[in-house]
Amino acid sequence: MAIHTNNQTYSVPKQPYESARLDAELKLAGEYGLKNKREIYRIGFQLSKIRRAARDLLTRDDKDEKRLFEGNALIRRLVRVGVLGEDKMKLDYVLALRIEDFLERRLQTQVFKLGLARSIHHARVLITQRHIAVGKQIVNIPSFMVRLDSQKHIDFAPKSPYGGGRAGRVKRKNSGKGSEEGDEEEERGYRSGTRYMFQRDFKKHGAIPLSTYLKVYKVGDIVDIKANGSIQKGMPHKYYHGKTGIVYNVTKSSVGVIVNKVVGNRYIEKKVNLRVEHVKHSACRQEFLNRVKSNAALKKEAKEKGEQVSLKRQPAQPREAKVVGTEGNIPQLLAPVAYETFI
């Protein structure tokens with residue numbers, strides 16, 4: 001499990017409305033395709049810590065152990081990232097660093113300068129959509145700081161359509177209209193591959209029973225989505241088939257259901273409108289409701305008798321043991337078959 005820290009990552013300016021600074025930040029955000037000014041503040045916060053460390057080391061003697069050890073480590077780290085040149089390996093040059101020096105080493109900037117994107121904003125889109133890889137690792141963080149030894153390994157991901165991977169959905173649809181492969185792809189509809197998914201239950205074929213239309217749904221009810229293949233109107237997408245949701249809207253012949261859709265590591269609430277033929281009341285809470293009723297009955301009975309009762313659920317006990325007699329039932333001994341080969 002990852003450990004999350006709440007350390008400060010950026011600091012806002014003390015004077016919020018300074019005309020010269022606002023213009024400079026706006027220029028940086030447009031030139032480097034930044035999402036917001038927080039990215040500028042984050043780099044400025046890191047740069048201030050580096051400058052503070054360099055100033056502290058410069059106050060010490062040239063032969064001081066801390067200055068020799070930590071100063072060389074700081075310079076090597078900046079050279080490795082590419083912020084400092086190899087001809088400027090001194091602490092004095094660290095104090096002259098600017099925010100632009102760090103923005104130049106961002107993956108978004110490098111992708112644009114290598115010609116992989118048409119613009120700095122297109123570079124950000126390619127990175128966030130997982131089209132860019134550094135070496136063998138896909139990187140979807142535009143602010144990733146590229147080291148000098150990793151700069152030559154920036155390229156399209158192998159599985160990306162730009163890197164020779166499978167083409168996108170629209171391109172496959174448009175480019176394969178004349179070929180057999182394209183015709184086969186074109187014929188696949190929204191319900192493709194659902195022959196057995198939407199089939200009716202055993203002995204449930206035929207007309208829809210009237211009880212389906214007489215059921216009452218209320219806002220807040222828990223329902224199961226079970227698509228009926230014989231009713232095309234108001235049919236859900238196959239992803240929602242078999243899902244459980246909560247009713248948030250009721251109309252004359254349909255209900256609105258909120259379903260949690262898993263996208264990566266997130267849960268997104270999706271609102272789906274379905275006809276009543278494709279939903280039914282869920283029995284997921286039936287066991288709980290039955291237990292509530294039985295517990296209430298046990299409490300009432302115990303109160304009348306003046307006794308205490310335990311309402312905890314007991315785990316399933318082992319089955320009753322049985323003794324098998326050997327009279328008239330000769331035990332058969334099992335022995336492993338000797339290893340044989342027919343080669």
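Placed from the backbone N, Cα and C atoms, the Cβ positions cover glycine too.
Record features, source TrEMBL:
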DOMAIN    9-104  domain 'Small ribosomal subunit protein uS4 N-terminal'
DOMAIN    105-169  domain 'RNA-binding S4'
REGION    157-190  region 'Disordered'
REGION    303-323  region 'Disordered'
With a Cβ cut-off under 8 Å, give me the same-chain residues at least six positions beyond the ends of the region 'Disordered' (303-323) that come close to it. 291, 295
Mean pLDDT across the domain 'RNA-binding S4' (105-169), rounded to an integer, is what? 93
